[in-house]
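Worksheet for the structure shown next.
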Amino acid sequence: MGAYLSQPNTVKCSGDGVGAPRLPLPYGFSAMQGWRVSMEDAHNCIPELDSETAMFSVYDGHGGEEVALYCAKYLPDIIKDQKAYKEGKLQKALEDAFLAIDAKLTTEEVIKELAQIAGRPTEDEDEKEKVADEDDVDNEEAALLHEEATMTIEELLTRYGQNCHKGPPHSKSGGGTGEEPGSQGLNGEAGPEDSTRETPSQENGPTAKAYTGFSSNSERGTEAGQVGEPGIPTGEAGPSCSSASDKLPRVAKSKFFEDSEDESDEAEEEEEDSEECSEEEDGYSSEEAENEEDEDDTEEAEEDDEEEEEEMMVPGMEGKEEPGSDSGTTAVVALIRGKQLIVANAGDSRCVVSEAGKALDMSYDHKPEDEVELARIKNAGGKVTMDGRVNGGLNLSRAIGDHFYKRNKNLPPEEQMISALPDIKVLTLTDDHEFMVIACDGIWNVMSSQEVVDFIQSKISQRDENGELRLLSSIVEELLDQCLAPDTSGDGTGCDNMTCIIICFKPRNTAELQPESGKRKLEEVLSTEGAEENGNSDKKKKAKRD
């Protein structure tokens with residue numbers, strides 16, 4: 001089934017929070033692997049990036065989950081470390097942080113960490129394994145030589161003499177197993193079995209929590225707890241949500257770079273095949289001749305395809321099987337400080353605000369065929385194919401990672417074929433702004449911005465049997481199920497990983513209960529009996545809210 005499972009993985013990782021005391025921002029998130037063979041999304045929900053700022057973000061990885069997870073782990077701190085951030089210049093800080101984390105992906109230390117996240121062996125591990133294999137071969141040969149040295153001539157003849165004439169004739173073109181060297185283990189061994197860890201619910205715990213990680217096979221979370229790995233810097237205010245799904249061997253991301261290198265070998269093999277054919281006896285059937293003509297036509301078509309792929313290549317850009325080089329991620333990051341919403345985006349994930357029920361896009365989808373993006377790609381020496389892919393590879397034009405598209409030494413990072421420089425949009429929040437949605441393209445490829453806003457708008461005021469408003473995460477879960485394709489027979493719509501966060505700009509429940517609470521205080525002064533009744537009612541409502 002290619003890149004898809006036989007059945008979708010619909011287990012969701014979900015959670016809710018109410019924000020920080022100084023910045024109450026109720027939020028809910030959910031993530032689902034879906035039809036994909038692995039989960040490559042990640043996200044951040046950090047109500048207190050600092051005492052005045054909240055951060056929410058989604059990362060949609062491609063070529064592996066490692067870059068998305070790395071960004072979820074380190075980007076929040078990198079943003080805070082920027083000089084511009086400390087000076088209160090949040091737009092500049094986001095631009096600098098995106099470029100800074102992208103540059104870090106090329107360092108040896110980070111490449112090793114990415115390899116560990118991805119489950120790929122590092123160069124050191126490969127070398128050690130190679131040396132160990134050579135030692136094993138040497139030991140086997142030494143043991144065999146020692147055994148033969150102690151054998152009699154009769155025993156040697158018995159072992160080798162009978163096999164002297166049993167070997168197959170040597171092939172003129174060189175024998176082989178039919179397997180390409182290095183075709184196995186491109187992504188290391190299969191990952192560990194899926195596992196989850198749950199933390200107990202805390203009824204009176206802190207309201208500010210940070211959710212950091214990716215989601216694939218974990219149980220639905222609660223407001224105060226999620227499954228995950230502790231120790232992530234951005235998740236110290238609360239647990240994270242993380243689990244690993246079994247990995248299949250990685251398909252070579254830069255296949256189109258390799259084909260031309262094999263072209264000369266294929267040509268030599270074709271020449272040798274033709275020589276062998278000429279040496280065979282004459283007189284074969286017309287059916288065989290037709291089959292040979294069909295084969296020739298197929299070979300010519302393959303050669304034409306190879307020539308087209310070779311035309312797409314850029315000199316000096318060899319495909320490199322290295323995390324951060326053949327893998328990357330989109331990133332959409334929203335910072336909320338006071339009444340200011342600042343959104344940075346690189347890629348095709350999206351942030352949308354509901355303004356009096358109307359969808360307001362706070363980000364642009366970066367596609368290679370867009371005029372601005374296409375001009376930059378061509379200027380960097382690349383081209384966009386008919387199916388909207390950069391040099392036949394990526395179908396987006398901005399991303400963190402993907403460094404084999406960023407090797408033009410004559411251009412700065414922001415002007416490379418694939419750029420990590422984000423677009424920035426700023427919005428001053430008013431009473432008309434109800435909520436914000438941040439999601440990967442697994443959602444936006446199925447539903448438009450307005451359709452998502454309408455869907456949430458129709459659910460956000462619904463109450464459960466106890467009269468409580470629905471959890472935001474339950475609305476997101478319903479949205480994910482709505483977007484999931486029934487099968488994979490279509491064009492891939494609804495078959496992608498899905499991650500979505502809903503953030504409300506106003507406290508939920510609190511505004512509705514405040515007038516009643518004030519009235520009860522007045523009754524307490526006027527009537528002791530009324531005070532007792534209302535006091536008991538207050539306790540019940542408080543218990544529900546907690």
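In case you wondered, yes, glycine gets a Cβ from its N, Cα and C as well.
If you look up Swiss-Prot, you'll see Gly2 marked as N-myristoyl glycine, on the strength of experimental evidence.
The omega-N-methylarginine feature in Swiss-Prot is assigned to Arg22; the stated evidence is a large-scale study or a structure entry. The C-beta environment of Arg22 (omega-N-methylarginine), restricted to residues of the same chain at least 6 apart in sequence and closer than 8 Å, consists of Ser51, Glu52.
Marked as domain 'PPM-type phosphatase' by Swiss-Prot on the basis of sequence analysis: 26-505.
In this structure, Gly61 (Mn(2+) 1 binding site) is part of a beta strand by DSSP. Note on Gly61 (Mn(2+) 1 binding site): other Cβ atoms within 10 Å of its Cβ, all shown chains, come to 28. If you look up Swiss-Prot, you'll see Asp60, Gly61 marked as Mn(2+) 1 binding site.
The phosphothreonine annotation in Swiss-Prot covers Thr122, and the record cites a large-scale study or a structure entry as its basis.
Residues or ranges marked as phosphoserine in Swiss-Prot: Ser183 (among others).
Taken from Swiss-Prot, the feature N6-acetyllysine covers Lys383. The number of other CB atoms found within 10 A of the CB of Lys383 (N6-acetyllysine), across every protein chain shown, is 17.
Residues or ranges marked as phosphoserine in Swiss-Prot (evidence: a large-scale study or a structure entry): Ser527 (among others).
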Original post:
List, in sequence order, the same-chain residues at least six positions removed whose CB sits under 8 Å from that of Asp60 (Mn(2+) 1 binding site)?
Top reply: Glu40, Asp41, Ala68, Thr329, Thr330, Gly347, Asp348, Ser349, Cys440, Asp441, Gly442, Asn497, Thr499
Subject >> Where Lys383 (N6-acetyllysine) sits in the secondary structure, as DSSP reduces it to three classes >> reply: coil
Subject >> Distance, Lys383 (N6-acetyllysine) to Gly61 (Mn(2+) 1 binding site) (CA atoms, angstrom) >> reply: 23
